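Engineer: Quick one: structure below, then a few questions.
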Amino acid sequence: MAEDAPPSFCSPSELAALTTLFKNSATAASFCERLAINGAFGEEDASLSSRLDGLTEGVNTFFLTSAGALVFVMHAGFAMLCAGAIRSKNTMNILLQTVLDAAVSAICFYLVGWGIAYGDINKGNGFIGNGAFALSGWYDNTNPSGSKGRWAEWFFQWAFAATAATIPAGAVAERFNFNAYLAYTLLISAWVYPVVVHWVWAPKGWLSAFNTVNPLFGSGMMDFAGCAVVHMVGGLTGLMGCIMVGPRLGRFDSNGAPVDMPGHSATLVVLGTVLLWFGWYGFNPGSTLNIIAATKAGSENLFLTSGRAAVTTTLSGAGAVIVALISSLWRTGAWDLLAVCNGALVGFVSITAGAAVLEPWAAILAGAVGAIIFDVTCWLWLKMRIDDPLSASPMHGVCGAWGVIVTGLLAAPHYVSQAYLNGHYGAFYPGSSGLLLAAQVVGVLVITLWTCAWSGALFYILKMFNKLRISPEEEQAGLDVSKHGGSAYNTTTDHGMGKGVKPGY
């Protein structure tokens, strides 16, 4: 005769929630019993459900804050990558810009960016958010905890805004006026980026796959972690800056042929690449925003989606590295370290939109094709005499667009149902309506027009007033000496600071 089931001290829903948390029904039942023995279920005490709500909120807040910290580590990666890829005489300039990107974007996103991107969910429309400017209305002053996990959400979203703002710096390095840099950082952080966020990620956004009322083509645009929202916005802003400011002095000879201007430190480039790789594990897997849901099925979807995003991110980067290595050997006859570093980053960009919904094989394909697109775009840029020292616009702008399109082609039906609860999937799969691909194409086109129009207008105005580019004399001397008071490196033979970096006190 079968043994009687052990008595349960929880309601069925409470026991199910605990089973999801502990991954074991016996452990969950034991936990219930211990709480009961300690009086947790007395009429005078809070219910287990409320306790579980607090635990869930705490775990999700820790998850999102940790993911945001990983994304912020990418700033160190950008700093090292940019510094290594340019000439030593401009190192302090690019490092200062990277630090200021974080600070300026934080103030802008606090004052207006968050309100435009998300704002009050009861206000706003499909184009723009409204409310919660300077985080107003988040909580009653008598109950500062009322906003719960939204503090962590702001932190995570600011880290993304800072990333979008720092991408253009590499594209216009070594000749851009510092005031012009501040101007475009303000524009991206306070206006261009937040509006695109609202379109794609807000529940009311007209492009959003999370729009349950009237999504574009019944599907909405799927951009899981920001191929378009972050990378296209940053990369296309950099492209417009490259076009408006023109190439560096000596980058092309009198016949228009490119002249090589190598960066000064392959070591810094590799360090930056690895830091960015590390940070991408917060960027993509963290974009689930939560890791525990109210139901067992919901929690499983979050676990699976976040874990899958980590795997596809890894595989896409790996696929792009292999193609970049082979391509560099074919083009130059050498195993090119810097080409491999670019390949890895191209792979990560290419998977950012589809990290949650692509099969592992599709992730490898996305990265591999992205590496080819990157090489072709870099070649085309040189033919057009567009000088991008970091190749930021091909990497983030063009490969960001590719990442959105490949999601429309290869988003797997069973993964879409987990990540979006949406019935539209990639056009490659039998039975697909193709509406997701259509939404992806429209999203790419509109975001391209939006970003290029605003950044192009800003750079044109700055150029009219001769505020876009530094003087030829300053460019020849280097920005570190002409604008920042000295070199980033010690230029003397002793062990003092010499003419290099000076103490700040």
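Glycine too: its Cβ is placed from the backbone N, Cα and C atoms.
Here's the feature list from TrEMBL:
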type	residues	note
DOMAIN	63-489	domain 'Ammonium transporter AmtB-like'
REGION	481-505	region 'Disordered'
TRANSMEM	62-86	transmembrane segment
TRANSMEM	98-117	transmembrane segment
TRANSMEM	154-173	transmembrane segment
TRANSMEM	180-201	transmembrane segment
TRANSMEM	221-245	transmembrane segment
TRANSMEM	266-283	transmembrane segment
TRANSMEM	309-330	transmembrane segment
TRANSMEM	337-355	transmembrane segment
TRANSMEM	361-382	transmembrane segment
TRANSMEM	394-416	transmembrane segment
TRANSMEM	436-462	transmembrane segment
Engineer: Do any residues, 6 or more residues outside the transmembrane segment (221-245), come within under 8 Å Cβ-to-Cβ of it, and if so which ones?
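Structural biologist: Contacts of the transmembrane segment (221-245) (Cβ under 8 Å, skipping residues fewer than 6 from its ends): 160, 163-172, 175-176, 184, 188, 192-193, 196-197, 200-201, 207-209, 283-284, 287, 309, 349-350, 352-357, 386-388, 392-401, 403-404, 407-408, 411, 416, 419-420, 422, 436, 439-440, 442-444, 447-448, 451-452, 455-456, 459-460, 462-463, 468-469.
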Engineer: What parts of the chain pack near the transmembrane segment (361-382), using Cβ distances under 8 Å and only residues at least 6 beyond its ends?
Structural biologist: 258, 311-313, 315-324, 327, 331, 342-343, 346-351, 354-355, 388, 391, 393-395, 398-399, 402-403, 406, 410, 412
Engineer: Same chain, outside the transmembrane segment (62-86) by at least 6, Cβ under 8 Å from its Cβ: which residues?
Structural biologist: 94-95, 98-99, 101-102, 149, 152-153, 155-156, 158-160, 162-163, 166-167, 169-170, 173-174, 263-283, 285-287, 289-291, 338, 341, 389-390, 488
Engineer: With Cβ-Cβ distances below 8 Å as the criterion, list the same-chain residues six or more beyond the ends of the transmembrane segment (309-330) that contact it, or say none.
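Structural biologist: Residues packing against the transmembrane segment (309-330) from afar: 224-225, 277, 280-281, 284-285, 287-288, 336, 339-340, 342-348, 350-352, 354-356, 358, 360, 362-368, 370-372, 374-375.
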